């Protein structure tokens, strides 16, 4: 039986606030490894009935808004709050496994997935956990050389005692402003990862903080000093943003002391992520691209800037805006977008930013937006789903939204 100690005190009583996949992983772990009493608060009404002073530790789901009532009360008990990652770290800290944490507004999922892929392709045992979808505690019991962790700003806010071997921040742009007072507060929450990392670097092309090590991008290729390492056409990816992602991965591998030339061969095999700038197919001369994972303004700007050099995109935009600043995409809309179909719960909010800067139409839902876009699109044009929004007003998540888009493309092809 594993005994969890915190500040040299054995933990016997814990309150769990929220019970999603992360909360369930904590419960399952505690039931199997630790002799401890656990109370679970699954909603606002239950939460107010618990005496927070009576618990040794409190775990909080990353989805719980600490800036809103009644959960503001938790901010008085920060010393008691630990995350599932903290508990995971306590379990593995005496092993030889290396932990790598990556955060950022855009690109972090690609970076952690590519890093995990390369490590495995090089023959190491690697696990991929965190915000990418698999709770870390679900991997307890597995043997591994490396643990690659995608972390969100919400998760970092809950960290207490974890120490990553390497932390990195990439591409911070405005997001989740419904949970933060302003962009500076959101950015600082990301930078706090440094407090929990033994080694740390930032690669942020949006804010002028670009640590690239010995690497640089020249005309669609990555160079190390004056030696060309990789051209984008040698990979299964496209766009300068993916060259930037590759540079981050190379810096991670450099700091781990691994062979970069072997890593380049592995990177060439990496196929990218589902729902991230994926060409679905061409129907009646129109190319359909699924970028459902573009859940904020910065992600959609990156997609627009990487897909074409012409003003031939018909864009599907909308969902839950999360307080995003859509004025930031006006330059890219003007340069690359022929028409925008806006849908979702925050369509009027989005309209208020782009009105007068591009041609657009408001739609009832994504299906209607797709149908209208398909009717308007001509040969050699692109219908792009890159919503710049969360999906929870209409879908269970970005993956379901992307699957629905792909199904609509398949149905259109059958009718053609």
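Placement of Cβ uses the backbone N, Cα and C atoms for every residue, glycine included.
Bear in mind that the values here come from a model prediction, so they are computed numbers and not experimental data.
According to Swiss-Prot, the features are:
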BINDING   104, 105, 106, 107, 108, 109, 110  ATP binding site
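DSSP gives residue 104 (ATP binding site) a strand state.
Summary: among the binding-site residues (105, 106, 109), the fewest other C-beta atoms within 10 A of the C-beta are counted at 109. Residues near residue 110 (ATP binding site) in space but far in sequence (CB under 8 A, at least 6 apart, same chain), listed by position: 242, 245, 272, 273, 276. The ATP site is set by 104, 105, 106, 107, 108, 109, 110; from the centre of their CB atoms, other residues of the chain with a CB within 8 Å are 102, 111, 170, 171, 245, 299. Residue 110 (ATP binding site) carries a helical DSSP state (H, G or I). The binding-site residues listed here are 104, 107; among them, 104 has the most other Cβ atoms within 10 Å of its own Cβ. Residue 108 (ATP binding site) is surrounded by 25 other CB atoms, counting those within 10 A of its CB over all protein chains shown.
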